[in-house]
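Student: So TrEMBL lists the following for this protein:
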- 3-180: domain 'Survival protein SurE-like phosphatase/nucleotidase' (DOMAIN)
- ASP8, ASP9, SER39, ASN96: divalent metal cation binding site (BINDING)
Amino acid sequence: MRILVVNDDGIKAPGIKRLVQMAAGLGEVWVVAPAAQCSAMSHRITVRGDLEVKPYDFPATGVTAYSVWGTPADCVKVALGCLMTEKPDIVFSGINAGYNVGRDILYSGTIGAAMEALCWGVPAIAFSVAEEEECEVLNTYLEPVAKELISKTLPQNEIWNVNFPGCTLEEYKGILWDRIPDQNQYYRDNYKRTDRPDGSCIFSAAGLPETEAADGTDAGAVLSNYISIGTIKNMII
């Protein structure tokens with residue numbers, strides 16, 4: 001199996017290292033990821049300016065890796081259109097630092113990269129985890145969840161969206177399938193205002209996470225200490 005791994009937190013992020021470590025046990029791994037932090041890029045691509053691509057010494061054995069000064073979707077385009085001589089069997093996107101649930105999936109570069117894979121006819125899985133340091137559930141269930149999803153076939157216009165709760169194994173309750181996106185943002189809009197002497201001001205985003213969500217939703221699952229697994233459909237493909 002040939003796996004392309006991408007993310008939006010940047011090629012140096014802990015999440016992509018963890019994902020590559022797992023993927024390396026499943027087959028041939030290519031990493032093509034942003035050189036810098038690219039969260040909330042959605043499906044943005046670069047149309048003005050060049051994309052600088054450099055070989056990257058990724059800290060994993062037998063991995064071919066490149067950093068790209070571009071967006072997550074750019075990384076998928078460059079990987080599939082320019083770097084890889086053979087199409088991957090699947091794209092892994094993540095592991096994102098912070099849940100990709102509810103309306104937040106519209107902003108997510110992690111989801112955007114997975115959607116770009118669909119545009120090339122390649123199935124994709126997006127992985128995310130709570131921002132807390134606690135990753136017991138992720139460390140225990142990442143590989144078995146990935147293997148199970150690889151074995152399943154989705155329509156060509158859908159991706160898997162997996163979110164791991166930030167709880168201990170003792171608090172963990174199981175897996176909930178077929179979770180639909182919550183209708184609200186998980187990270188509610190919140191901006192810190194800083195006024196300047198010249199009359200201008202600066203607004204700094206500081207989203208406030210929700211503490212409750214509707215039953216049956218992705219946000220509701222992770223807030224109740226379940227792994228959330230659902231699909232997201234691309235209505236254009």
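Quick reminder: no glycine exception, Cβ is built from N, Cα and C everywhere.
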Student: Under 8 Å between C-beta atoms and at least six apart in sequence, can you list the same-chain neighbours of ASN96 (divalent metal cation binding site), or say none if there are none?
Tutor: ASN7, ASP8, ASP9, GLY15, SER39, SER108, THR110, ALA126, PHE127, SER128, VAL129
Student: Taking the recorded divalent metal cation site as ASP8, ASP9, SER39, ASN96, identify the other residues of that chain whose CB atom sits within 8 Å of the mean position of the site's CB atoms, giving them in sequence order.
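Tutor: Filtered neighbour residues, in order: ASN7, GLY10, ALA13, GLY15, GLN37, CYS38, ALA40, PRO72, GLY94, ALA97, GLY98, SER108, GLY109, THR110.
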Student: Identify which of the binding-site residues ASP8, ASP9 has its Cβ surrounded by the largest number of other Cβ atoms within 10 Å, counting every protein chain shown.
Tutor: ASP8
Student: Starting from the Cβ of SER39 (divalent metal cation binding site), draw a 10 Å sphere and report how many other Cβ atoms land inside it.
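Tutor: Around SER39 (divalent metal cation binding site), other Cβ atoms within 10 Å: 18.
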